[in-house]
Amino acid sequence: MPGTPGERGAAGGRERTVRTRLILIALSVALPAALALGLAALEGWRTARERTDSMLRARAEALANGVARELTLARAMLEALATSPALAGGDLEAFHGQAARVRRGPDTRISLSGPDGQVLLHSRLPWGAALSPRGDREVVRQLFATGEPQVSDTYSGPVSGDPLVAVDVPVRGADGVVLYDLSIGLFAASFSQVIAEQRLPATWRATVLDGKGVLVARSHGTERFAGRMAAPRSLEAIRAGINPFETTAQEGVAVRGAHAPVPGTRWTAVVVVPQEELARPLRAGLITAAATGGGLLLLGLFLALWQGRRLTAAFSALAAGADALGRGEVPARPPRGVAEASRVGAALVRAAGALAEREAERADADRRQAILINELNHRVKNTLATVQAIAAQTLRREQGERAQAFTDLTTASARSPVPMTSSWPAPGATRRCPRWSAPPSRPGRRRAASASPATAGRSSPPSGPSRRRRSSSPSTNSPPMRRSTAPSPAPRGW
């Protein structure tokens, strides 16, 4: 089981400081917050783009209806003019005067054409002037073939050469046969007024395309771009029915637009908005998210470093306090500010006090134990001295090795203190002590001894060696033994 911090770190993974962990916590809060803000900005941009797409489709449909209304009014005027009695009677000169008096705008041009497309009269030219054929003979052919009103694509006018469109209605005779093609030429200004009525935002672009994809009118730069082909991507999207679509405007700007067909014609109304305008909210939202996330990150890092420094100081103080506690010193309290560290520091101080109290109790117990051991040693020595004196007096008549060995044993026991944790006597000491056995009891001898009047009142004086042993035996802390005058019984054995 690992015990050191390094071993624990190796067993449980890489160790990191409190400051590092606080930084990781700050990152784990700031980065998801920035990501959430970014996703919210992206979702807001998608919602705004969907709303813009809906507005584009609605504006395109409104423009298409406005163009259709303009064409319908022009056709209604022509149908009313086609019922002129002068025209029905073949008086073309009188009808020329009527057509010249019709004013539906500064650029109104009414013409009458035959089945071959030859212009018979023109309201902007005097009667009898030489006239060229129509530039859109296909429309004239369709009108005579179907007998239905027609709306032409963009073509160059026979008089001015400017691009214009025409609305054609049939002029029928009494028998219902189509006799003439009565048409009115409309310049881009007529449709520019319709586009202006839509009140589009200043950055939006509106365009009216004919059946071939040629620009009829435009909200910006009509004089410059009228008569040009629309961008290929726009035509592809219109033919494929992609709505909304992305393309490039005539100015080369990337745009996103919607289209709607003009009712009763092959024309198309298109409304576009620059992609830059659509991307601006997304870019602003992402910048806001990045700035907010960066601010949160910097704030989190600052707070992590600040609080990490305080926590590191508190933990360092706790480590120093633990070291002081190990040395037996009173640990210093950590700096205030971290409640947990303050509680641990207070616990260390209390632990130091408890350890000091236990040390004092242990020292007092050791002192009491030492007194007890000394007292026990004193009493044991006194007891041994008494035993030694009794044994010496008992063995005063014994001579030789056994008496000497017993005397040495008791002397050594009296000189050394009795250990409290060891067995006494020491192992092997009893092996050096010889054993005595009492001699066989003889009744006659015992009776003789007890009946001898000569030995009843005296005892034999100890021999020389016995006297020397008795005088040399220690009498540690014991009063001197008085010589007994009573006869001692013979030892039975040791």
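Glycine is treated like the rest: Cβ placed from N, Cα and C.
What TrEMBL says about this one:
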| type | residues | note |
| --- | --- | --- |
| TRANSMEM | 22-42 | transmembrane segment |
| TRANSMEM | 284-306 | transmembrane segment |
| DOMAIN | 375-440 | domain 'Signal transduction histidine kinase HWE region' |
| COMPBIAS | 408-424 | compositional bias 'Polar residues' |
| REGION | 408-494 | region 'Disordered' |
| COMPBIAS | 449-461 | compositional bias 'Low complexity' |
| COMPBIAS | 472-485 | compositional bias 'Low complexity' |
Cβ-Cβ under 8 Å with the transmembrane segment (284-306): same-chain residues at least 6 beyond its ends: 19, 22-23, 25-27, 29-31, 33-35, 37-38, 40-42, 44-45
Positions on the same chain near the transmembrane segment (22-42), where near means CB under 8 A and six or more residues out: 16, 282, 284-286, 288-290, 292-294, 296-297, 299-301, 303-305, 307-308, 311
PLDDT averaged over the residues of the domain 'Signal transduction histidine kinase HWE region' (375-440): 63
